[in-house]
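Residues or ranges marked as 2-oxoglutarate binding site in Swiss-Prot (evidence: similarity to another entry): TYR107, ASN167, LYS176. Per Swiss-Prot, Fe cation binding site is recorded for HIS161, ASP163, HIS236. Look at Swiss-Prot and you will find 106-268 tagged as domain 'JmjC'.
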Amino acid sequence: MDCQEKLEVPVYTDVDKETFLRDIYPQRRPAVLKRVPIGPCVRTWTVCFLAEKGGDREVKVHVSPEPRMDFLHKNFVYRTLPFDEFIKRAAEAKHPEFFISEDESYYLRSLGEDARKEPADLRKQFPELAEDFHVPQFFEPEQFFSSVFRISSPGLQLWTHYDVMDNLLAQVTGKKRVVLYSPEDALHLYLTGDKSEVLDIDSPDLQLYPEFVKARRYECILEPGDLLFIPALWFHNTLALQFGVGVNVFWRHLPSESYDKKDPYGNKDPVAATRALQSLERTLGILDELPPDYRDFYARRMVLRIQSRAYIRKPINAAQENSDTT
């Protein structure tokens with residue numbers, strides 16, 4: 001999309017824990033990490049190997065007649081397949097057997113044993129495969145939350161969303177494009193909960209979403225073996241350029257009591273944020289008691305108060321000050 005400011009995600013090589021914590025993590029910005037050892041999976045996780053090791057255990061997958069997943073209109077269904085059959089279908093362009101159409105797309109986001117209570121953990125759900133994947137030790141073991149297996153058909157695009165925990169996306173096989181947007185640009189993304197309504201980020205409907213052009217677009221291409229550090233609250237949209245296998249590793253970077261204890265997916269807002277949003281809804285209900293012009297006026301006052309009280313103020317550097325005064 002040419003009308004958006006486009007920025008490259010910085011790339012680092014041969015990063016160890018010390019370098020990550022000193023030079024990358026404090027910036028709270030995405031970073032591509034190359035040549036970080038993640039185990040033999042980059043070499044061994046072929047379609048045949050995955051099918052053999054994963055076997056016929058059943059997995060619940062997304063099936064869509066088109067590669068761009070649409071959470072607004074739910075253009076996908078959930079179906080259960082043996083893992084080896086799923087792998088075979090996800091890797092092929094045309095399917096002799098199918099649910100919707102012969103060119104349907106598949107997407108797996110692995111779940112815990114009891115999806116309502118347990119987070120996904122590659123070591124528990126796929127122990128035969130987990131031994132080939134080494135979790136980068138960029139955080140303390142007690143901070144670990146989940147390791148999520150992600151497998152996509154070629155061309156599959158997942159909608160723009162944010163997560164409330166820091167995470168590393170390990171691209172094991174295939175290439176993937178990732179587009180990210182800063183939390184500061186949330187006002188331009190037309191959010192419904194944790195997701196952006198702008199599904200086609202490459203050719204958006206600017207009559208429907210005119211503010212979207214103001215969002216700065218960070219973009220990178222992940223190669224097999226690459227890691228992408230995605231800080232919490234950064235919006236991201238993924239496009240599988242090839243059949244792809246990856247692992248998302250999430251960890252708690254806030255105190256454990258900040259998170260909803262009944263959230264096995266790790267995507268619920270922090271407890272305090274949830275309370276604040278609930279209070280906001282009650283406040284908006286009170287504003288509805290006012291005539292429209294008064295409601296508009298006091299809503300604007302409230303926005304100003306939130307900006308002055310809660311927004312992070314960025315320091316103005318000397319060069320910017322001089323340019324502003326000349």
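Numbering starts at 1 and runs along the chain as it is shown here.
Backbone N, Cα and C define each Cβ position, glycine as well.
Within the set TYR107, ASN167, LYS176 that the record links to 2-oxoglutarate, no two Cα atoms are more than 19 Å apart, and one pair reaches that distance. With respect to their backbone Cα atoms, ASN167 (2-oxoglutarate binding site) and HIS161 (Fe cation binding site) stand 13 Å from each other. Around the Cβ of TYR107 (2-oxoglutarate binding site), the number of neighbouring Cβ atoms within 10 Å comes to 21.
The C-beta environment of HIS236 (Fe cation binding site), restricted to residues of the same chain at least 6 apart in sequence and closer than 8 Å, consists of PRO30, THR160, HIS161, TYR162, VAL178, VAL179, LEU180, TYR181, ILE230. In the three-state DSSP classification, LYS176 (2-oxoglutarate binding site) falls within a strand. For the domain 'JmjC' (106-268), the model gives a mean pLDDT of 96.
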